[in-house]
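According to TrEMBL, the protein has these features:
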type     : residues : note
ACT_SITE : Ser154   : active site, charge relay system
ACT_SITE : Asp232   : active site, charge relay system
ACT_SITE : His263   : active site, charge relay system
Amino acid sequence: MLISDVSNNGLSLLSETRCFGGTQKRFSHQSDSLNGEAVFSVFLPPESTPVFGVVLWLSGLTCNDQNFVTKAGAQRTAAELGLIIVCPDTSPRGDEVANDDAYDLGQGAGFYVDSTQAPWKTHYQMFTYINVELMDIIKSVFSKGKKIAISGHSMGGHGALISALKATEHYVSVSAFSPIVNPSKCPWGQKALSTYLGNNSAAWQAYDACELLNAMTEDFTLPILIDQGKDDEFLDSQCLTTPIEAVSNLSNVDVRYQDGYDHSYYFVTSFIEEHLQFHAKYLAQ
Ligand SMILES: N[C@@H](CCC(=O)N[C@@H](CS)C(=O)NCC(=O)O)C(=O)O
C-alpha cells in the first residue's frame, strides 16, 4: 500500500516502521536502468543521532529487499552508530520481466551484472542500477555528503566485491559474507553469466572478483573484510571465498573462517555488528 508520493525526488514511500528509535522505510521508483519499477529499503537512524555514513547491502539468491531487513538484525547497531542502510532488490521484477523457474536464474538472481543477451538485457542491468542509478539516489536524497561502504551475502557478496573493484570511487570499504568470489568457475556463476552475458569469457571476467584482481597491475588497497562459515553447504560446491586467498595483489584484506556456521542469515546476523563496526572505521575517515 502506498503511503505517500514524494514527488520531488521521484520516490514513493511504500511503508515506514519505527525500529530502535530510527525508521525502517521502503520505497518504489521508476528505474531507467531496469526499465521498470524498482523497490528498495532504507534504515534511517534516530533523528537525534548524527548520520555517520551509509552501508549499501546486496542480498543473495532468492532474496528481495526484505530478507536483510527482517532477518539480519542490523538496525540496533546502525541506530547506535548513526548508519543509514540501503537494501535494493536482487533483480528487476514484474510479469513483463524475463524469468526462469530455477531459484538461481532470473528474478531474484540478477547477479549484479549488466546483461547483453536477449531477452534478459531489456531489464537485467543490475550493475548500472546499483552503482549509477541507486548511487545517485543515495547521494542526492539520503547520504547528505557522508561516505558510503558496501557489503553483501553470497551472490550479494559477489555484487559488493565487483562494485568495489569496478566503481571504487563510490566506496570506502567492502565486506562480504560467504561471497561468490570466482563466478566464472562455479556452477551458480557459470549458469548466470552464460545466460546474461553469453559465452564470452572476457565479459565474464569483467564481473568476476578474482579475475578482476588478477588483471590488476597494482595492489587493490580498499579495506576488505570477508566472513565465511566453515559448515556452509555451498562452500566447496560453489567455490565460495577460498579462491580470493590465492590472489596476490590484495593488500588490505581480512578473510575469516567461522567454525560451525552455515550459509544462512543466522550466520549473517551473528557477525553483522562486526561488519558495521568495520565499515564505521573507514566511514569516519
Ligand atoms: N536453499 C536455498 C538456496 C538459496 C540460498 O541459500 N539463498 C541465500 C542467499 S545465496 C538466502 O539468503 N536465501 C534467503 C533467506 O535465507 O532469507 C533456496 O533454495 O532458497
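Cβ coordinates are placed from backbone N, Cα and C, and glycine is handled just like the others.
Compared over the active-site residues Ser154, Asp232, His263, the count of CB atoms lying within 10 A of a residue's CB peaks at Ser154. With respect to their backbone Cα atoms, His263 (active site, charge relay system) and Asp232 (active site, charge relay system) stand 5 Å from each other. Counting in whole angstrom, Asp232 (active site, charge relay system) lies 11 from Ser154 (active site, charge relay system) by their C-alpha atoms.
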